[in-house]
Every structure is written in C-alpha cells, then in structure tokens.
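Working notes, structure below.
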Amino acid sequence: MTDKETQNENAPKKLSLQRRVKTTVAGGKVQVEVRKSRKIDTEAAKKAAEEAKLKAQEAAEKAAAEKAEKEAAEKAKKNAEKARVAAAVKKPEPVKVVDAEKDRIKAEEAELRRKADELARQKAEEQARKAAEEAKRLAELAADRETTEVSDDFSDYHLTSTYAREAEDEEERRKEGRGRGKNKVGKAKKGGRDDNGSKDERNADRRNQKDVKGKGKQGKKGSSAIQQAFTKPAQAVNRDVVIGETITVAELANKMAVKATEIIKTMMKMGEMVTINQVIDQETAQLVAEEMGHKVILRKENELEESVLEDRDVNAEKVTRAPVVTIMGHVDHGKTSLLDYIRKAKVAAGEAGGITQHIGAYHVETNGKMITFLDTPGHAAFTSMRARGAKATDIVVLVVAADDGVMPQTIEAIQHARAASVPLVVAVNKIDKPEANPDRVEQELLQYDVVSEKFGGDTQFVYVSAKKGTGVDELLDAILLQSEVLELTAVKEGMATGVVIESYLDKGRGPVATILVQSGTLNRGDILLCGFEYGRVRAMRDELGKDVESAGPSIPVEVLGLSGVPAAGDEATVVRDEKKAREVALYRQGKFREVKLARQQKAKLENMFSNMAEGDVAELNVIVKADVQGSVEAIVQSLQELSTEEVKVKVVGSGVGGITETDATLAAASNAIIVGFNVRADASARRIIETENIDLRYYSIIYELLNEIKAAMSGMLQPEFKQEIIGLAEVRDVFRSPKFGAIAGCMVTEGVIKRNNPIRVLRDNVVIFEGELESLRRFKDDVNEVRNGMECGIGVKNYNDVKVGDQIEVFEVVEIKRSI
C-alpha cells in the first residue's frame, strides 16, 4: 500500500462546511441570487499539509547530514592527498606508486557513497513534493465539489448587492490562493507554522460566519459534524404561571419550567429556607415567580364551587311565601303538645319521656294560608339544633309555661332569636293550671328585653292551653300578622336552594335528608349539592310519608338519593351538572380533611407537654350511634363536656344508623363502650359484642344516657382518703422499761384508743411524731382498745422521748368515694 493510499484511507470521509446559497424575491420581479457554497475537506487538507511539512523537514535533515558527510569525505581526501605528497617527498618512488593506488581506491569509494546519498536525498524530495501535490489535489477536489442550493429561510436574506458579493468572493479566493504555489516544499520550509496558523484562523472565521448565518433548515444542512455543541438560549422563556391558594415548591418549578433548585436559591436570597416538597402560600409563590421574571395569574381554589353555585336562573319573579316558624322553649313547657294540637295529630304522645328527640318540620294550613313549623328540642344538650332552627326560620314562637316561668333554655332561645335577628311571639302555655301566673312570666321576660305590647313593646304575647286548645287560633293569627309585617317573598320558579334540617341513614332507603326549601322549586330528578354530599333526587316525601313530585318555598321534604348523610345545617343547592357537583363535593371533603388534620396536628403539639406533665389520665372511650345527625351531635357535645381533669370522655367513633360489625370491632380494639340512641346492633355486631364482652347500652332518653356515663366515670376516679380522729390520751407519767423503753402512763380523755391504729404525738398542740403503737396495756394486761375515762400504759414504737403533758392522738383513714 503506497503512502498516497494510506493518506486517503486515514483522511476523514465526509467532514465539510457549507457556504450560503440564497434565493430572494423582491420588488415585484424575480431576482435569483446564487452564492457558491464551498465545501472544504478541512481536516484532510490540514493533515496532508502537516505530513508534507514533516517529510520536507526530514528531507532537509537528511540533506544536511549528507552534506556534512560529503564535507568530511572531502576533508579526508585532502588530508590523504597531503599525506601522499609528503610521503612522495620522503620515500622512494616504488612506495609512491602503491600509496597513489590506495588513495585512488578510497576516493572512488567516497564518490560512490556521495552518489548514493544524493539519490536518497532526491528520493526524499520527490516524496515530499508528491505529498504536497496530494494535499493540493485534495483541496482542489473539495473546491470542485461546490454546489448551489436554494434557501427558503427568509430570515437569512441580506440586502447586499450582486457586485458587493462578487467582490467579497474574489477577495476570499485571493486570500486562499496566496499559499498555493508550485514549490510546496519550499513554502513549507519558509512558512512554518505561521502560514498554517493564519490559514486555520481564516477557516475558523469562515466556519463561525456560517454558524451565525445558518439557521432553520439551511442551518441544519450547512452545519459540520464537528459543530454539534448545545448552545444555551440567551434569554429565559417567561411564562404565565397559574398559582392556587397553596402550592409546593416542586409544583411551582414545574409550572415555571425551571429546576426546583433555582427556586430554592431564589428564596434563600429572599431570606426564606424551603425544601422541595414544602407548601408555600399564594403570596410567597407570587413573589418568587415575579422575581424570576414570570407573569403570575392568581387562581381561587374554590373557583369551580363559586361558578357552579352562581349558575342560577335569573330574573325570576318573586312571590309571597309562607312563614317558617320555629317553636322554642324550655323542656316540658309544652312545645310539642302545642304543635300537636295545631296539626290535629297525636305525634307528641310518641316522643320518649316527653322530650322531642329530632327536629321536626311540618306545614299546616289555617284560614287559607300556610304556615311551616319547625319543632326543636328543649333539652340543654340540643343547643346546636336550636341554633340551626333559628337560622332557618322567619318567626320564633317562644313557649313559656305559666306555672314554671322563665327557665335556662328559655333564656337561651331568646339569645338564639336575637343572634339570628328573628322576631319573637311569646306563647304563655298551661294557663289552665290553677298555679298558672301569666303576669309573672311577662314581668320576668322584661329583664331580657322582651317587652309585651301591653307595656309598650313590640312583642306579641298570647295565652294558650295546648291541652284544651285555648288561644291557639289567636296564636296562629299573631303568626300570620307578623309574617305580613315581614313581607316574606321568594322565587317560586327556578333552581331550588334550601337548608338541611335533619339527616339520617335508613337501612333500606340509604341516606335520607329533611330539607326545607327556601327558594325555587325542588323537583324529583334534580341534581342536589349538600355540603360534602351530592346526588340526584330519587324520591321526595312530605311529613306524612306521601311521595311528592316537587316542593316550593317554605315546604319541608324528605329527600332520597344523596351520596352520603349530609350534616344538619348544610346548605342544599340544585346545580346543573352532576359531574361538577361531584367535583365540588370532593373538593369540600378534601378541604375539610386538611383542616381537620391541621387541627389534630396543632392539638398534638399543644398537648404534648401538658400530657407529659399530667401523667396518666383515665380515659373513658365511647362509641356513639344514633338515629339522626342532630342527636349524634348533641350526645357527643354533652359527653365531651363531662370530661374532668382526672377522667376524660373520648368519643372514638360516632355516626348515624344502626350499630354495625365495624363499630363492634372498633370498640374491642379501643376498649370502648357502645352507646346506642334509638338504634340497635345487627346480628354480626352482636356476635362480636358477646365474644369480646363489650359493654353495649341502649337509650331512648338523653337524661339516662348522661347519668349512666357519669356513673361510669365516677368509678374511674381515684378515691379520696380522709383522716378521722377516734381517740385522744393525755400523758400523766412516764416509766422506763428495759423491754419497751419509755412507757407513757396516760388517761384517755376523748374517744377510744385502739391498738392497731396509727397515732400522732402532740406537744403544745404541735405534731412532733407520727407512727404506731408498740404496746397498749391496762394494768398488766395487753388490750386492743381503751375507752374514754380509763387509764392505760402506751408504748410508742421507735420513739422514747415522751414527756409528761404530751398528747397521743389516735386516728383512722377513711376512703371516700367520689362522683362527678
């Protein structure tokens, strides 16, 4: 393989840089501009030139060596000639002939060596010349491969004239042609590294110009394989960043399309230390995003909720609606009996223990007009239910028993009505009783700013008897009169809104909610959003259990079809889109869960040290199940209020509906008692309760439930111990005994001195020793007790400093049971 072939094989196959080809259309005429695009095999030419230079250097070195050798040979020849001449002078003639022959032979050998060296030098020069010609040929071959291409990239178009471009091309050709000559070896010798260096610089400049100009498709075609480095964008891309109420650092980085470390660095500069998963608020996120040059769009998390709730029917006509009346008052003052008489139905007799357990909603017609009544419980435990009743109502009828007067729940009902800005109508009940005193009721209510019309106020007082029906018509007239003054109106046609009065879980029908419609008309098939729950209305029933297709303003109905049991007091709203209703319900559940977890975390942190300080506090774990949501709330609240510093009631679970297997398992795991209020346990739950020996209790009256829980808590209290003095003896004399030490001769002045009880020694009414007796004798006999007025000898254990005049006090420790 020849040197030429080796060079061709080692040369890069396709390393080329292209120059520009342009086509422009300007000024209404077609002007085709074609610039030659020159591809130069840069690396191959450069490598060939370097090899040629190296060979030329080698040839020069060889030539220098040959020259030195030649000079040495000539010098040796001259010396030999001198020696020969000298020898010819000294020696005789025959010897001269021999020496001349030897010198001739040596000269011929030197000449042969010189010729061989000359041939080698010529051969080296020929090889160097061929290498230079090969490099020139490669460069010319690259120049011959010039092509023309048409560019469609309008951004690369420049407005230089044709003459200017031709002049530019001519200048480039002239510069490139400077280094090209016939004698490449000589040029390599003379130019050295400087010429190549300047050529490399020119090539690099040309590549840079092409890289700057080469963009888009043309740039991709014209770029060399060597120039593949990634060029970072000179300017960051600014984006519109949508930020919710809270956002993590990682999410913010993702939205801004930057690394999370950049955000952390920025926040460190702003004086805030954060981690990648840390949640930051909307304001902080806005500052960070704006600091990094992005535009911020703030978004409310509940935007969907607001849009769903605002999507209502507008411009609907308002009509007069029936008043919603809530009956309030103290327990057993006759609220339900009064309502029962109004409804002409015997509902009140079914209430356990005379206490209204649920909030009931009924509507009645009188004198052609309709009134909706809400009945609230009067017991102290049902504060939250009364507050809900006042919120949903237009008029409050305050029932006060004429024989009882104003009681605590009466005052509370007045406060609820005031808080809700609802007018009062006072019904003084039980006026048929002999001990009734209606005037006293009016006087007592004056101190709570409830002034009757008789005293110049604006509150109507009506005297009624729920048993006999006395004054009931007057009460209804007073309610209708008050409603006319209020001018109650509501939109009848359109999407309904209302409030959940009560809710419970029915085993056969699922979640059931009693909803009081406040505006619009609720139809069967409507999509309803209630707090955390949603669903399509599958069925509606009135208070008598009859199916109804629709319910207008001020009408209470039972609704079936919700996804779960809503909380009493939740707002019920009809929406258009079931999918959006589901999203809103899930969003509300998530928010509630976050708030609950945050509250629990806060409570854990706050209680950590206090719990450590308190030590072990006795806990009574309770699981509460009731038939309706209102009862669950009332019982849980009442139980939590029973907690003391020593015994805490912990409600580990509560819910609406029967006692299930899950409840029983939870009770077994947490060692809790199960309380069922108007509900029962199913068969599977009963099996677990019997197996695990769980305490299960059923109640229908809240008084009994609270009293029994109190008793259970009392049993968990630490008992108190009290010291009772049972006897006192006065020391009259002191005897010394070798066996017992000091023996005190005493006279019992009070009570009984007992042998086995603890004693105290008093001197000048100050306790100086507390211990026990070692011996108690009457004369020489050991006795167990000595009564008042008798003498005895007393030996005090581990104490010999008894003196005359001291008193010995005997006491016993009595355990006292505590109660809550």
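Placement of Cβ uses the backbone N, Cα and C atoms for every residue, glycine included.
Taken from Swiss-Prot, the feature region 'Disordered' covers 1-21, 113-234. Residues annotated as compositional bias 'Basic and acidic residues' in Swiss-Prot: 113-148, 191-214. Residues or ranges marked as compositional bias 'Basic residues' in Swiss-Prot: 180-190. What Swiss-Prot records for 320-489 is domain 'tr-type G'. Feature annotation from Swiss-Prot assigns region 'G1' to 329-336; the stated evidence is similarity to another entry. Taken from Swiss-Prot, the feature GTP binding site applies to 329-336, 375-379, 429-432, supported by sequence analysis. For 354-358, the entry in Swiss-Prot reads region 'G2'. The region 'G3' annotation in Swiss-Prot covers 375-378. Annotation comment: Swiss-Prot describes 429-432 as region 'G4', evidence class similarity to another entry.
Averaged over the domain 'tr-type G' (320-489), the predicted model reaches a pLDDT of 75. The Cβ of I431 (GTP binding site) has A402, P438, Y463, V464, S465, T470, G471 as same-chain neighbours under 8 Å, each 6 or more residues away in sequence. In the shown protein chains, 28 other C-beta atoms lie within 10 A of the C-beta of K335 (GTP binding site). Note on the region 'G1' (329-336): DSSP counts are 2 helix, 1 strand, 5 coil.
DSSP places the residues of the region 'G4' (429-432) in helix, strand and coil in these numbers: 0 helix, 1 strand, 3 coil. DSSP labels the residues of the compositional bias 'Basic and acidic residues' (113-148) in these numbers: 32 helix, 1 strand, 3 coil. Taking the Cβ of D332 (GTP binding site) as centre and 10 Å as the limit, one finds 16 other Cβ atoms among all the protein chains shown.
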